[in-house]
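Annotation comment: Swiss-Prot describes 9, 12, 29, 33 as Zn(2+) 1 binding site. Feature annotation from Swiss-Prot assigns Zn(2+) 2 binding site to 21, 24, 37, 43; the stated evidence is sequence analysis. The feature compositional bias 'Low complexity' is assigned by Swiss-Prot to 250-272. For 273-284, the entry in Swiss-Prot reads compositional bias 'Acidic residues'. Here Swiss-Prot flags 294 as phosphoserine, drawing on experimental evidence. Residues annotated as phosphothreonine in Swiss-Prot, with experimental evidence given as evidence: 296. Swiss-Prot lists 245-345 with the feature region 'Disordered'. According to Swiss-Prot, the feature zinc finger maps to 9-43, an assignment based on sequence analysis.
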């Protein structure tokens, strides 16, 4: 009966078909024929929910619609739960990495998942060597002094991976130039010829007057010691300049700021001395005026007090009647006569 209803397999044309493709309604006898059909026709094998269904066959497709909606709900739940679990596992590893780096004196902040550095970052802890292997972003600045140092120089930026934290920075860079063709092309593009004439920097902070202030690192030190007491956003960014390029470093910035503070303190001391002298002169003038005007002021104040005293006594006499009772206050005409008759006022 099934053979008459489904017919012969559409792929092998030999056996009776047992299955039907939900997408294109083709018949198959086994899984191999189904896979061969998908390979030849590029069929996905999934039902198209937007396919037109006649009204006469609408009742028969209710189960398919229900299964489709249930499948969508399961897919959403699986995506939410699966991504949550993966993010928990990934976040747990990243949190452990962050704690170990903070113990080593490296302040790291991870980027959001949509960030490009986050997708390219492969920094991890290697269990075999018991070392952290870094992904490093190299920013190679051109040797021309006309270029603004505040630019990111994105055309000469490359990210490399799997650099042990115990390896010296100079050795890492030399190995990359020799073995990595992309790094070699970026170095030649930046007009950096001799590796010995280079200086390695990390951004420290930004000044309003001088732009970015860089922290100079020693290339002979290990990578972990170079990154100690520095801020890392997802991956460490190491800026490479030639020795002739003038860069605002922390030492030069502190020297200039100390000179400015000395100048400002000297000017402020001069101003304060002049203010003190002027204030002393004013105090002397005020004291002389007080001494000159003190007798007359005492006479005036005593006369004023006596006049106020006599005025208060006159007011009290006016408030009392001849029989010693206090004077009645003026009340509104409607209620005043009544209360006065009662003797309350």
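Backbone N, Cα and C define each Cβ position, glycine as well.
It is 11 Å from the Cα atom of residue 9 (Zn(2+) 1 binding site) to that of residue 21 (Zn(2+) 2 binding site). If you measure from the Cα atom of residue 33 (Zn(2+) 1 binding site) to that of residue 24 (Zn(2+) 2 binding site), you get 14 Å. Cβ environment of residue 37 (Zn(2+) 2 binding site): 10, 11, 21, 26, 28, 43 lie under 8 Å away, each six or more residues apart in the same chain.
Fewest Cβ neighbours within 10 Å among the binding-site residues 21, 43: that distinction goes to 43. Residue 12 (Zn(2+) 1 binding site) sits 17 Å from residue 24 (Zn(2+) 2 binding site), taking the C-alpha atoms as the reference points.
The Zn(2+) 1 site is set by 9, 12, 29, 33; from the centre of their CB atoms, other residues of the chain with a CB within 8 Å are 8, 10, 11, 13, 14, 15, 17, 27, 28, 30, 32. Sequence-distant contacts of residue 29 (Zn(2+) 1 binding site), defined as residues of its own chain at least six apart whose C-beta falls under 8 angstroms from its C-beta, comprise 9, 11, 12, 14, 15, 16, 17, 18, 19.
Listed in chain order, the extra residues whose Cβ falls within 8 Å of the Cβ center of the Zn(2+) 2 site residues 21, 24, 37, 43 are 23, 25, 26, 34, 38, 41, 45. Cβ contacts within 10 Å of residue 33 (Zn(2+) 1 binding site), excluding its own Cβ and spanning all protein chains shown: 22. When the binding-site residues 9, 12, 24 are scored by other C-beta atoms within 10 Å, 9 scores highest. Mean pLDDT for the zinc finger (9-43) in the predicted structure: 87. Taking DSSP states H, G and I as helix and E and B as strand, the zinc finger (9-43) has 11 helix, 5 strand, 19 coil.
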